[in-house]
Amino acid sequence: MSQRETWTSRVGFILAAVGSAVGLGNIWRFPYMSAENGGAAFLVVYLIAVALIGLPAILAEFVIGRETKKNVVDAFRNLGGPVAALIGVLGLFTGFWMLSYYSVVGGWVIQYVIGSLSGAYFADPGMYFGQVSEGTGTILFHAIFMAITIGIVAAGVEKGIEVGTKIMVPSIAILMIGMAAWAFTLDGAGAGYDYFLTADFGVIAENYQSIIPDAVGQALFSLSLGMGAMITYASYLDGDDNLLGDGISITVLNTFVGVLAGFVVFPLLFAQSIDPGSAGAGAVFVSLAQAFAELPAGGIIGFVFFLVLLIAALSSAISLLEVVVSYFVDNFDVSRPILTTGIGVMIFLLGVPSALNINTFTMFDNIASNILLPLGVTLTVIFVGWIYGGGAVAELRRGLGKNSSFGPVWLWHIRIVVFAAVLGTLALSIMTFMSA
Ligand code: PFF
């Protein structure tokens with residue numbers, strides 16, 4: 001079997017991880033979650049959730065990956081035996097499942113990139129979304145998105161993922177900053193900033209039962225936690241770098257892009273007097289398209305916006321596929337391109353029902369975001385807290401110093417705070433899911 005690949009540099013790893021984290025979750029899901037949860041109030045709770053839950057949890061995945069240098073299933077098996085390996089199997093399954101519908105949205109986005117240039121959605125944004133989101137055309141663009149994803153992953157960790165994300169991530173950041181600056185110049189943008197940045201703590205006090213789990217869930221989703229993407233990426237690390245430093249860079253960059261997206265989306269909607277409260281998965285596409293349709297040169301701005309969304313979706317999709325591919329590359333003596341294509345085609349097929357019916361799509365997303373990911377994080381946290389325990393601290397200390405006191409503090413924080421938060425989120429998610 002050929003030698004396992006590694007990142008060529010620390011920056012390569014950080015950008016790949018940021019590429020995984022920054023995705024539809026930041027630019028599409030985050031603004032509509034904020035809109036559904038009272039704007040700035042959500043932002044505050046989200047930022048706390050990222051720092052207190054997301055960062056420690058990403059470190060937990062990093063240590064598992066770097067110590068074992070194995071795909072998600074074998075990583076858990078190496079550290080905890082056959083029962084622990086089941087957490088990895090859940091991760092594989094989640095990666096497979098999530099990419100099937102994530103790619104469908106990727107296909108929608110391609111159609112919006114094209115539609116911005118042709119002006120196809122200008123006349124009736126609502127109708128355009130209907131056409132884009134269901135039917136044979138949707139399957140076709142889902143196939144195109146999957147084909148690009150397969151192409152990058154098939155090229156390998158170094159030549160595909162690392163090279164790809166080194167181009168994609170800086171492009172996302174630069175284009176988003178440009179768009180946020182442009183949004184600043186819009187008449188009426190001020191109301192958007194007020195909405196996004198003025199926290200009404202009364203809203204948090206009244207709605208904490210939904211705001212807290214939504215914010216924790218969004219932090220986990222956004223950081224690609226709970227299905228082994230960060231374990232897999234960290235497994236390609238070589239050396240003793242400071243994982244805490246890497247974790248902070250990745251979390252900060254990811255949050256920065258999410259907040260930037262808010263600085264684009266809210267001024268844009270408010271400038272056109274579109275109510276962000278009418279959000280929801282599809283409505284974001286509809287209301288943004290409406291805003292672009294009404295603005296002078298809106299087609300060009302729309303093109304840039306959807307292009308950024310497309311790049312962000314791609315750089316995340318490759319991490320979902322890599323989780324699954326890595327398992328097969330590690331265990332079977334078949335070439336990476338063949339394995340990647342085979343797995344990619346199966347994921348494509350699983351996505352077809354979501355491309356044909358938006359209710360199926362929503363069900364796939366709910367199962368992943370509300371059940372599979374929080375379940376994966378909860379199991380990972382229990383595993384790291386109580387089974388891997390001291391080993392995890394030792395691995396973390398490799399880059400921090402042998403006696404760094406951060407290690408044990410982190411472990412106890414995982415055992416108590418992170419565990420309680422993710423278990424609570426999982427319980428509430430399951431209750432909401434059952435009652436839906
Ligand atoms: N973090 C991605 C986003 O915010 O869109 C979603 C995601 C990608 C979740 C990869 C999990 C994952 F493994």
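One-based numbering along the chain as shown.
Each residue, glycine too, has its Cβ placed from N, Cα and C.
What TrEMBL says about a protein is an automatic prediction, not a curated fact.
Long-range Cβ contacts of the transmembrane segment (7-28) within its own chain (Cβ-Cβ under 8 Å, at least 6 residues beyond either end) map to 102, 105, 157-158, 161-162, 164-166, 168-170, 172, 218, 221-224, 229-230, 233-234, 236-239, 241, 246, 249-250, 253-254, 257-258, 261, 265, 281, 284-285, 308-309, 312-313, 315-319. Taken from TrEMBL, the feature transmembrane segment applies to 7-28 (among others).
Per TrEMBL, the feature transmembrane segment maps to 40-64 (among others).
As annotated by TrEMBL, transmembrane segment applies to 76-99 (among others). Same-chain residues lying 6 or more positions outside the transmembrane segment (76-99) and placing a CB less than 8 Å from one of its CB atoms are 64, 67-68, 70, 149, 226-229, 231, 317, 320-321, 323-324, 327, 343, 346-347, 350-351, 364, 367-368, 372-373, 375-376, 379-380, 383, 387-388, 391.
Outside the transmembrane segment (135-155) by six or more residues, the chain places 99, 103-104, 106-111, 161, 163-164, 313-314, 317-318, 321-322, 325, 336-337, 340-341, 344-345, 347-348, 351-352, 355-356 with a CB less than 8 A from a CB of the stretch. TrEMBL lists 135-155 (among others) with the feature transmembrane segment.
What TrEMBL lists as transmembrane segment is 167-186 (among others).
Annotation source TrEMBL lists transmembrane segment at 219-236 (among others).
Non-local neighbours of the transmembrane segment (248-270) in the same chain are 14, 17-18, 21-22, 25-27, 30-31, 34, 43, 47, 50-51, 54-55, 58, 172-173, 176-177, 179-180, 183-184, 186, 188-193, 195-196, 222-223, 276, 284, 287-288, 291, 305, 312; each lies 6+ residues outside the stretch with a CB under 8 Å from one of its CB atoms. What TrEMBL records for 248-270 (among others) is transmembrane segment.
Counting residues 6+ beyond its ends, the transmembrane segment (291-318) has Cβ neighbours under 8 Å at 19-28, 99, 102-103, 105-106, 109-110, 112-113, 115-117, 119, 121-123, 125, 145, 148-149, 152-153, 160-161, 164-165, 168-169, 171-172, 175-176, 178-179, 182, 186, 224, 257, 264, 268-269, 271-272, 274 in the same chain. The transmembrane segment feature in TrEMBL is assigned to 291-318 (among others).
Sequence annotations record features per position, and here TrEMBL assigns transmembrane segment to 338-359 (among others). Distant neighbours of the transmembrane segment (338-359): 96-97, 99-101, 103-104, 107, 133-135, 138-139, 142-143, 146-147, 149-150, 153-154, 282, 321, 324-325, 328-329, 332; these residues of the same chain sit at least 6 beyond its ends, with a Cβ under 8 Å from one of its Cβ atoms.
Among residues of the same chain six or more beyond the transmembrane segment (371-389), those with a C-beta under 8 A of the stretch's C-beta atoms are 57, 60-61, 63-64, 76, 79-80, 84, 87, 90-91, 93-94, 97-98, 217, 220-221, 225-228, 411, 414-415, 418-419, 422-423, 425-426, 429-430, 433. Annotated transmembrane segment per TrEMBL: 371-389 (among others), in sequence order.
Feature annotation from TrEMBL assigns transmembrane segment to 409-434 (among others).
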Which sequence positions outside the transmembrane segment (40-64), separated from its termini by at least 6 residues, show Cβ-Cβ distances below 8 Å to it? 30, 33-34, 75-76, 79, 195-201, 203-204, 207, 211-212, 214-216, 218-220, 222-223, 225, 228-231, 234, 237, 243-244, 246-248, 250-251, 254-255, 259, 262, 377, 380-381, 384, 388, 392, 395-396, 410, 413-414, 417-418, 421-422
Taking residues 6+ outside the transmembrane segment (219-236), which of them lie with a CB under 8 Å of any CB in it? 4-7, 13, 16-17, 20-21, 23, 25-26, 29-30, 46, 49-50, 53-54, 57-58, 61-66, 68-72, 75, 88, 90-92, 94-95, 98, 157, 243, 250-251, 254, 258, 316, 319-320, 322-323, 326, 369, 372-377, 380, 422, 425
